[in-house]
2 protein chains.
Amino acid sequence: MEIERALQQLESLQKKLYAYRCADSSLYLDAVTTAPSDTSEGRGVAMSILAGESQKLMTSPETKALLDELSARAGELDLVHRREVEELRRSCEQLTRIPADEYMAYKELCNRADDIWHKAKAEDDFALFCPVLQELVDYNRRFAGYYDASKAPYDALLNEYERGVDRKMLDSFFATLREGLVPLIHKIGEKPQIDDSFLHQEYPAAQQKAFADYLMEVMGLDRSHCGLGETEHPFTLEFNNKDVRITTNYDEHNVASSMYSVLHEGGHALYELGIRDDLQYTCLAGGVSMGVHESQSRFYENLIGRSRPFVEAIYPKVQEFFPRQLGGVSAEQFYRAVNKAQPSLIRTEADELTYCLHVMVRYEIEKQLIGGTLEAKDVPAVWAKLYKEYLGIEVPNDRDGCLQDSHWSGGAFGYFPSYALGSAYGAQMLRRMEQDVDVRGAAAKGDLTPITAWLREKVHQYGGLMEPADVVKNACGDFSAEDYIQYLTRKYTELYGL
Amino acid sequence: MEIERALQQLESLQKKLYAYRCADSSLYLDAVTTAPSDTSEGRGVAMSILAGESQKLMTSPETKALLDELSARAGELDLVHRREVEELRRSCEQLTRIPADEYMAYKELCNRADDIWHKAKAEDDFALFCPVLQELVDYNRRFAGYYDASKAPYDALLNEYERGVDRKMLDSFFATLREGLVPLIHKIGEKPQIDDSFLHQEYPAAQQKAFADYLMEVMGLDRSHCGLGETEHPFTLEFNNKDVRITTNYDEHNVASSMYSVLHEGGHALYELGIRDDLQYTCLAGGVSMGVHESQSRFYENLIGRSRPFVEAIYPKVQEFFPRQLGGVSAEQFYRAVNKAQPSLIRTEADELTYCLHVMVRYEIEKQLIGGTLEAKDVPAVWAKLYKEYLGIEVPNDRDGCLQDSHWSGGAFGYFPSYALGSAYGAQMLRRMEQDVDVRGAAAKGDLTPITAWLREKVHQYGGLMEPADVVKNACGDFSAEDYIQYLTRKYTELYGL
């Protein structure tokens, strides 16, 4: 085949895959924002057919032949095409190895598991969820073999969310974090706690919405390309680099909740909006990995959004939105309140300092579940033990314990560590960024332009063009947890006068 | 092939087509409700690829072979499968006759035409739209030949929107309407006009929203299967018979606008929600034609919604929603105001009596355009002439004249007559319904249950199982315009004391 013709086919294949992704995203977005309550069945039929068509396309003999040919002629391709072929071939081979009926059965199980998990969580009934959790674990152990039989199962799963990461790397990473953070948390526990009660007055949703619009403006998010919606759980969804949606949830008794979720999701959105145009409609459009994505979201949420200069810069405006609630509260009080560190039960509500310990609990449990050394039925006990050990708190029930997150019921094992990795990547990027950009100065002016420009140049633009580890390395050198620990130690030592 | 196997393939084909429709609907719904402003390009890429895939599926040799085989064995099929095969074969053959490149070029033209029309309308510049209108006409004349070469072009187009309808039938129908209605309208012109100024006070959108919810409740629309959204132009969109969305637009200076658009779209929604379960995910799911659909929407909007017993029944509640605006207005005054008949320029704002004359203007122009006896450049003059002749009014500009509707710019020629047909179908159904149901009594109680039950039994349930004319005949006998003219004559004679 002429190389031009093959490249045309490659483009056409990827555009079709893009179209199926858009369809899926649109139906999903509708489901969680607008759709009437009892409409999931018909939508499920459509979504599963479209997913099947996309998978069929990805694994067809024509696709395989095309990718094999282009792979054999990789020397004739430019970098972008070479990477596309690599990525698509990996997906094609992986999907081909999963028997179609097993894949369908697993998808069906995930749907069912989600329903059961909702019910089990609502009723605080782990016994209800336990058998399905074990089934999910068993499937994932088998699927890990399809993904990469040369790796131990949990390593193969980790690799799906953050390529290049394995237990060895994470064991060392988390051990370093624990050594650095647990003593710090203990010391804080002995200090008088920060008063954050004013964050929990009544904050009407309408004003919070206007405030969210303001925050998006401060972030430099172009509203003609980035929408803001409302869902139970905030998320970011991208159609392409000109069409990204973020959502938030307005808790009328916690102004920080929506505020920091907008900054968080806005960070994800800036990443997607910053990806190069020439990668659009290809498999390289979109952020490269969960970990790198979290590095961006947590950068804006914490490293900038919870920094003193940024809080001071926007605080007069914050007071304008909530004069009744915050008129008598100083910027410093507000800064301290949004940084209050206190061991707690719920990961998504955890503060910047203790957050990673929540992740570690899940990592240790997943590692054992997928490794086959822990059964689903024993998860609650291990959960309680680890929360006591890492965070020093008792877990009163499973609803606020091992049933709190939706990840496992959705079939995602190996996903959690990317939250912690992202936080660490971000701190390392900040350290490197400070050599080029007056970060504190920019934050103090409430002008994030130079910060976003740096991240766009070093991280965003590449999309999936480089491996996650190479993106990190390119931005800030070989990965290490040190900058992250130093950052937290300095911040909290000052904050609590340790 | 085993017949069971062929039927399985038929089911699978239709489910895939359903999935593509859902994807298209979802992306469209997002575009007009939620999507940020500058996102059409990426969505357009996805939508056109998905449309292409759906069309490819519909016209593939495998599909053709399957439909040919099932058609040859029609005697072995039950009614539903026989109708499915008939409908799918027609679509397949029609699409096959349209050269793919011509089809793509036409779709591209429609996209372009829509942009140009928006601009031309905003700037009241017919000259801008004129060349593209002529191009659209030329394409449609050619396409008519692909649809059905045995028919004159405009008949072939009419048949696409309301099967079985042609110029002969419509010429006679519209002549009857003109004879019946034009003298009535003239007589009303000599009477003192009804005061409807109180409808145009300030009606805040938030209260109108709550009122819309109430109206949906009165209509018996199950909100767990029927959503209400907000768009520039109200519409109804169905995913399946368990998932329908209607939209409205809140004009803060016209309470009747949203009120009657909710009743109208709600009528469409009841139709879709009432279709039999066993037709779901097939080509027979969904209302059978534009005309029958309009018969349902205009039934609830006008025959019920603008009837005295219904207005009287809900009026105390209407006053509760708008005490300041309507506290001093009686039910009778309100009833008369929402039925005020007065020749006007804009079709979508026309009253029940003069509405069909707007349709006739468009019918006469389309007939000549597609017939080749009128050129696009002469449309404004003919438009003005016919508005003068039918409605007795001067057309001051093209924005409020021939540029007012989006239909032509979207490529829809032959669509307009179904609005008038639907109104007449509805009146005939009402006449027949009154033999079985105490319609006025039900409306007077504000309980539409027996009315909807009758329509569901006679019309809704069948979806596309029967031809449009057979649906009408099955519900109320051979079609005639008489009931419609009688209904309007009685109502307006009484209302204006003629």
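In case you wondered, yes, glycine gets a Cβ from its N, Cα and C as well.
All annotation found in TrEMBL is predicted automatically rather than curated by experts.
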Per TrEMBL, member of A:E252, A:E294 binding Zn(2+) alongside A:H264, A:H268: A:E294
Listed in sequence order, residues not in A:H264, A:H268, A:E294 with Cβ within 8 Å of the centre of the Zn(2+) site Cβ atoms: A:T236, A:E265, A:G267, A:H293, A:Q296, A:S297, A:R298, A:Y300, A:E301, A:G422
A:H264 (Zn(2+) binding site): tally of other CB atoms within 10 A of its CB: 24
Listed in sequence order, residues with CB under 8 A of A:E294 (Zn(2+) binding site) and six or more positions away: A:S418, A:Y419, A:L421, A:G422, A:S423, A:Y425, A:G426
Sequence-distant neighbours of A:E265 (active site, proton donor/acceptor) in its chain (C-beta under 8 A, six or more apart): A:P234, A:F235, A:T236, A:I246, A:T247, A:T248, A:S297
